[in-house]
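Contents: one structure, followed by commentary.
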Amino acid sequence: MSHILEVRHVTKKFGGLIANSDISFNVNENEILSVIGPNGAGKSTLFKMISSFLPTTTGEVLFKGERISNLKPHVVARKGVVRTFQETTIFKSMTVRESIIVAQHLRARASLAGYFWGTRTAHEDVDSFGQYADDLIEFLGMTEIGNEQASNLPQGNLRALGIAIGLATDPKVLLLDEPFAGMNHDETMKMVNLVRKVRDDRGVTVLLVEHDMPAVMNISDRIVVLNFGEMIAEGVPAEIQNNERVIEAYLGSADDEIGI
Amino acid sequence: MFLLAIFIAVPSFIAAAGRSDLYYTLTAVALLSIASAGVWLTFYIGRINIGQGAFALIGAYVSAILVTKVGMSFWLSLPLSGLFAAGVAIVIGVPILRLRGVYFAMISLVLTQVVTLTALALPVTNGAKGITSIPLPGGVSILGLTLIPDFATLENPRLAFYYAACVLMVLTFGAMYRLVNSRLGHLCRSMQQNEELASSIGVNISYIRVIVFAISSFLGGIGGAMFGSIAQSVYPSSFQVADSVNFMLNCFLGGLGYVFGPMLGTLVLYFGWDLLFELGRFQLLAYSSLLIILMLFLPNGLLSLRLPGKKGADK
């Protein structure tokens, strides 16, 4: 198995605060890898560094052997590593379909001027964008809400829309930011299935950051656990579930409870 | 319809009413709406632009200098002044377009003042005396075929300016309409709504911001240059901070969601001000109150009054 993404000795300091300290792990092609940890463990910071929304202090992130850390976000997206956001980050006054069409920016073959003058390539692009949007909407089971304005959608659909926008860029690696947060069991199961489907049918590698333990155990091929900015465990779900340091991080150690 | 109205109906009405002074007013509206269209475009990427007066002034000066000092034809200096304004916009825009919201607005507000002061200080702009007696635009002919007659030989240069300004305005808004409905327009909308998300789908937001700002300033420059040519003079006070604010108000009033908003906004604002002239010293008070009321009750601009289903660019 080849490593599509390599996180190498990544450290992030905000002034005196160490948010991430020497994190290293690899993501294999076509797997679903989750980064978990209690609040304040540095998950989000790591996530932003992988997508270049934040620069690293030291260390680097490689995509297919090429450095993608400390670049601009749109450059990383162009290479094929695309992140999603939590539900508030959407194009509010666009419909689902329009959002997906805009998100196919990277697939455009005509230049911006070409679109202005309406060249043949531009027309072909526009047709293929619409076609692709319809396909994607069907793939994600969003046919009924295709022409709804994003700001009118309920929370669960917004997450799916976020993933749709990410997918429309045709990514190799999709980074999902807490896709299950605030969802009930049913919604979570739906989302788990959706993420699986994305991986299986589209051949997209998925790296997600998440709180929801049962969902993570269910969906992940492998798990990386952070606590206080340090990586404390890495392994398949069964290993993580029985890892003492992980249990300690989440529940507090037995000593603490007796001690004071 | 619209074209017929402005090119045939309006001139014949004016001829019938004998109010040829209206030509000047309508020409001004056409030109100011071009500059306002530029401001509208920067709104489209989510930036409040109160600096269009700066680019209009730059355009007016560049054209005036090229015509008087270099002896260039006005029609050639017109696009050049637009390009010069766009060039300045690129240089200034790269650092300041990073700012958002009120911070960008403040910096852009200062721009007008900076350009005014620069015009006062530089020798080439002739300081406070400005550049006066700019010749009227000359003719353009290709292979003996007269495309544009020499304005100085015309018996009614006002009408000629009116036509020229209207042609420019129609071209501008036609181009704006295409632009907004093309890919660049979609990308602008995505940036207006969420820059982070836009960059996550691979949009080079800083590049597009600069491009849009340059187009905006190009329009400002063209509008200003034409204005200078009609007035046959340019002073540092030709475009002031108040003008910059008006360009922005035109967009607000017409409607930020509609490409043709700035055109209507300019027309209403310009005539509204004149109509209230009767009120004497209460003019400004009445005018401001009306504007506030309009914005309270029609936050999406006058064009939002239109019937649903005819929503133009805001589809």
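Cβ coordinates are placed from backbone N, Cα and C, and glycine is handled just like the others.
Residues or ranges marked as transmembrane segment by TrEMBL: B:26-46, B:53-72, B:78-97, B:104-124, B:130-148, B:160-180, B:207-235, B:247-273, B:285-305.
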Highest-contact recorded stretch vs the transmembrane segment (B:104-124), from B:26-46, B:53-72, B:78-97, B:160-180, B:207-235, CB pairs under 8 Å: B:53-72
Of the listed stretches (B:53-72, B:160-180, B:207-235), which one yields the highest count of Cβ-Cβ distances below 8 Å with the transmembrane segment (B:78-97)? B:207-235
Examine the transmembrane segment (B:207-235) against the transmembrane segment (B:285-305) and state whether at least 3 Cβ pairs sit under 8 A, considering only residue pairs 6 or more apart. no
For the transmembrane segment (B:160-180) and the transmembrane segment (B:26-46), check the count of CB pairs under 8 Å (sequence separation 6 or more) and say whether it reaches 3 or more. yes
Against which stretches of its own chain does the transmembrane segment (B:26-46) lie, if we need a Cβ under 8 Å and a gap of at least six residues from its ends? 10, 52, 55-56, 100, 158, 161-162, 165-166, 168-169, 172-173, 176, 179-180, 185, 188-189, 191-193, 195, 208-209, 212-213, 215-220, 222-224, 226-227, 230, 246-248, 250-251, 254, 256, 259, 261-263, 265-267, 270-271
